[in-house]
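Shown next, in structure tokens, is the structure this report addresses.
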Amino acid sequence: MRSNMHQGHVARKRFGQNFLVDDSIIHGIVNAINPLADDVLVEIGPGLGALTDPLLERVPQMQVVELDRDLVERLRRRYGDRLQVHAGDALAFDFGRLAVPGRPLRIVGNLPYNISSPLLFHLMDYADHVHDQHFMLQKEVVDRMVAEPGSKAFGRLSIMLQVRYHMEHVLDVPPGSFNPPPKVDSAVVRMIPWPRTESGRLRSPHADCDITVLGDLVTAAFSQRRKVLRNTLSFLRDQIDFEAIGFDLGRRAEEVPVGEYVELARRLGGDASDRSAA
């Protein structure tokens with residue numbers, strides 16, 4: 001049985017710590033990120049520096065957000081001025097204050113699986129400051145993020161993130177690549193925010209809408225996943241003439257494309273691109 005101790009540090013379950021130790025996977029992730037010397041690189045949860053080390057071979061400085069106080073001090077001692085360490089919870093961190101005019105953030109990380117979905121939604125607030133994001137996540141979560149309509153994995157997470165990002169499944173990572181090994185398979189995803197026009201609209205294939213309205217709509221739609229939308233969205237009949245717009249309520253929630261949910265949200269909340277901006 002593999003010990004939870006790695007490089008003199010005991011992995012803490014409450015922080016969801018699983019340290020990446022597979023060199024081939026590490027190099028694959030760094031190559032996928034392909035950092036350039038002038039990038040503003042931000043790592044969430046650097047841990048013991050498995051990604052930090054090879055990334056600092058390509059960039060002169062980085063910023064990291066780390067919650068574990070023991071690791072914060074260790075990182076500061078090890079990297080000195082090359083690493084600006086922000087001690088705190090990424091779920092409450094203001095990533096916007098790291099942005100540099102004309103140099104959007106490149107955010108990376110082996111994210112704690114116990115907070116991955118809330119953290120992804122938190123980061124949506126800063127998408128206008130971001131060039132791209134590369135994250136290690138539970139494979140099931142990545143599958144849901146990139147899922148197509150009609151698949152079992154397609155759901156609220158798929159819709160909410162696909163409206164704001166173009167996403168790609170980069171590579172799979174087996175449990176043995178970590179110490180301690182998690183009980184699930186992992187994967188790396190690339191997330192590229194859809195840019196905005198000069199007027200503030202998203203250049204997304206799914207148009208633009210009020211994210212809060214969309215979130216409430218999708219939550220209702222998927223509240224009874226096995227039933228058709230006639231059962232979950234009928235309360236909206238006074239606000240939307242579904243027949244007039246050709247929206248089939250005889251489908252299940254996972255059968256409806258992202259664009260159709262966005263259109264419903266626009267009808268419910270109007271054109272609110274300015275409210276969905278970070």
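Note that Cβ sites are derived from N, Cα and C of the backbone, with glycine treated the same way.
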*Swiss-Prot S-adenosyl-L-methionine site partner of ASN18, LEU20, GLY45, GLU66, ASN110, selected from ASP89, ASP94, ASP125, ASP128*: ASP89
*Would you identify the secondary structure of GLU66 (S-adenosyl-L-methionine binding site) according to DSSP, in three states?*
strand
